Amino acid sequence: MSEGPVKFEKNTVISVFGASGDLAKKKTFPALFGLFREGYLDPSTKIFGYARSKLSMEEDLKSRVLPHLKKPHGEADDSKVEQFFKMVSYISGNYDTDEGFDELRTQIEKFEKSANVDVPHRLFYLALPPSVFLTVAKQIKSRVYAENGITRVIVEKPFGHDLASARELQKNLGPLFKEEELYRIDHYLGKELVKNLLVLRFGNQFLNASWNRDNIQSVQISFKERFGTEGRGGYFDSIGIIRDVMQNHLLQIMTLLTMERPVSFDPESIRDEKVKVLKAVAPIDTDDVLLGQYGKSEDGSKPAYVDDDTVDKDSKCVTFAAMTFNIENERWEGVPIMMRAGKALNESKVEIRLQYKAVASGVFKDIPNNELVIRVQPDAAVYLKFNAKTPGLSNATQVTDLNLTYASRYQDFWIPEAYEVLIRDALLGDHSNFVRDDELDISWGIFTPLLKHIERPDGPTPEIYPYGSRGPKGLKEYMQKHKYVMPEKHPYAWPVTKPEDTKDN
């Protein structure tokens, strides 16, 4: 029986490429500190930041990162901050020349020698734009790869621009790293409620038994952002909302929602089932997609997407999209799975909504459908909307809920941030929450025909919707077309998803 993956614990070397960038400043270094603060990153770990910017460690890198470090224990965490920065060194170097990487190798080997490391454990985090990713990967392999140890490489999205570019990237990476050395990170897989999906589904018989076409009428996966591109239009214009969040984040949620029970919770069993369900996804109907682009707010205070100076005034970039997936297998055939995502909407949230079929007619002439709602962010919660008799002498019914609100139920728990979870998983050698090469290939195969349809010269023109609205006017009709029953007739008090002043007894 083979042993599990090697855990990186004492005297691990972590190198963060792109250390001067926003991702490293706001996510990578704060995640490393969070793990250290909570005792999940050994103090013997050595962290190297590497970037082209000529920064000093004390005045520049530290001052950039410090405002983003969370200190839940107040002043008690100040000493942890100082200890953490003593673990960090910074190296300035180009990505396409050897000198900087030679210096990094020298510093790594010096540390490992002083720590009497026999089998090097090296984790490389590529917080880099796609344009330099392959260049750095080649330098890692030729200059700092642990030939007599274990190397792991965390890769940030985007993993390609379409199916052809993703395959080209995989082709170029193949000679450099084994699949088990690569950790393609999608941070949504580290979010607490996304990680909880398999337990909710398969650890509760009443949910597991009803999670199928016999009981569920429709499924929605929604991503809403209150803000627009805010000066990033030039970058977003070549990406669009589909590549930004749907081909990756939301599709990952969909696979966990719809996959079959794995034979075990080991990484490959989970990823095998994700691949199986992706293979059952029917091609997207390009004529059954709702596309939008935000215009000015109705009061004129917020600009339109094309008002961004970095965006072409004739841009047809999609900032809102809604589409429906059909999974051709025994569990899901006939159940529309709607995915929608947009910027500059009326609120910011990510949620999953499973609407159950209506009860048989008879004593109940007009009663709402049950819904299971999983709020990923903000204010993580799970609640089941169901019908109950209104208190009193009447036999009237009302919609109420059973709800699990994380902020009140788990007040005394440390709930790690997504990047903390995933970096920890990489250190442990756990691939469960990372994207495998065949999974990536199939996901691009699903979306690339739609992207080509949208981006051809005579492609569809997105519907303009006001900044701060719910999205294109056709959204309600689109949802109803795909079997979602609007609950407009039935008043409902949404559960409180923020901690209250008093704890439950």
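Backbone N, Cα and C define each Cβ position, glycine as well.
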Candidate set Y50, Y145, Y406, annotation phosphotyrosine, source Swiss-Prot, matching residue: Y145
Listed as phosphoserine by Swiss-Prot, one of S53, S142, S443: S142
Per Swiss-Prot, G18, A19, S20, G21, D22, L23, A24, K25, K157 bind NADP(+) 1; matching candidate in R52, R105, R122, R201: R52
K385 (NADP(+) 2 binding site) versus binding-site residues S20, R52, K157, K343 - nearest by Cα: K343
Distance, A24 (NADP(+) 1 binding site) to K349 (NADP(+) 2 binding site) (CA atoms, angstrom): 24
Alpha-carbon spacing, G190 (D-glucose 6-phosphate binding site) to H249 (active site, proton acceptor), which is rounded to whole Å: 11
For NADP(+) 2: widest Cα to Cα gap among R340, K349, R353, R375, Y383, L384, K385, R470 in Å: 23
Cα distance (Å, whole number) from K343 (D-glucose 6-phosphate binding site) to R470 (NADP(+) 2 binding site): 10
Coarse DSSP state, helix versus strand versus coil, of S20 (NADP(+) 1 binding site): coil
Closest of Y145, K157, Y188, E225, L384 to G18 (NADP(+) 1 binding site), Cα positions, recorded positions only: K157
